[in-house]
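Below: the structure, in structure tokens.
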């Protein structure tokens, strides 16, 4: 009995009409309000929102789901929306010709009930789609009226080409003309509840209410740069200077108790400064909590971003399927050893989508919060975050490099540093606790890089100021990152 019901339900198909969200070519009527990239971002988000609801529906009833697209390619659509859906181009002709073609193809493939919808109606839920299929048990046509005079959904149980002929597509007369055709040829029909779709700037509040945040106005997504620091006075000025000239960017320094001039220097550059217990993951999470930007970029205190980084970041995150990114790795040294490490790290980052923290990881704030932020562990927090991100989509490496300090590679040695980093990664992957790995990792570094424990702040009797300076907690600088950053 269950198998018969399943076979019957597989005769239902949902078809979504959408467009690959290429800036300047999609949602063009929103461009005056949002800019080309902002309009493309809304198109991308609404399509993903629609398909998320259809996937929820598919958990309750087995339906075939097809995406009919314009722009892009099948490969790009699969990369964007996933391989669990089928994809076909909408083909030529006006909207009526494309709708009729989609219905005819579906019924020729054996479908009994077919529902087609756009991807720009945020209020369309799985329950409404369920009611559309239920209505097709008794009626020839089901329509979801849009408040602009069109319809956001149409369902049929057989091909009816006349429904799509002689209709003034793109006008406020579409729904009324379609209903007149239905009456003229004697079809039975059902109307669902009316909803508003998002075509023009005045429609944007519909989308904003659905996602509980405003659509990005103009082409600029605000970026929050979060820099965890501890005694970074020697490098923080160069880091902050590299951020000058960026548009719509806030800078947040999260200091773990510096005893040098780090905080004063950061404030002199206009950065927002927070105090936090030491620990890179803890500090970065604290910065993310107060960040106002829609994009978060996590930067090490001894790393300089390239000119124009902000536009590179925004363009990367506007690409469908991209959940996060980072920059190519570059060192402030010309030695052959660190150049080899650069090449290997950039190959790993590009080929395996596994950048590390010293490559300035960036992502949308909503994605970061959905993942729960960085795991609160003493080492490998960047590695673990990127592993989780890869399950959600693509992690891209931009073709331009950051410049980071190679001091620890020079002091400890390229071979030894690489072996230490690889040992920590292997230990983490086989299940050793991060706390144990951190004790071993910091113990393998020179004394000035070991983290002090609570209660170790007092200077032993008879010891010099130099001893105290070396005993302070310092960010381990193997590749400028905590733990095994930028190893190959």
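Just so you know, glycine gets a Cβ as well, placed from its N, Cα and C.
When the ranges 407-447, 448-488 are checked against TrEMBL, the one recorded as region 'Disordered' is 448-488. Confidence in the domain 'Glycosyltransferase 2-like' (224-353), given as mean pLDDT, stands at 93. Under DSSP, the residues of the domain 'Glycosyltransferase 2-like' (224-353) split into helix, strand and coil as follows: 50 helix, 31 strand, 49 coil.
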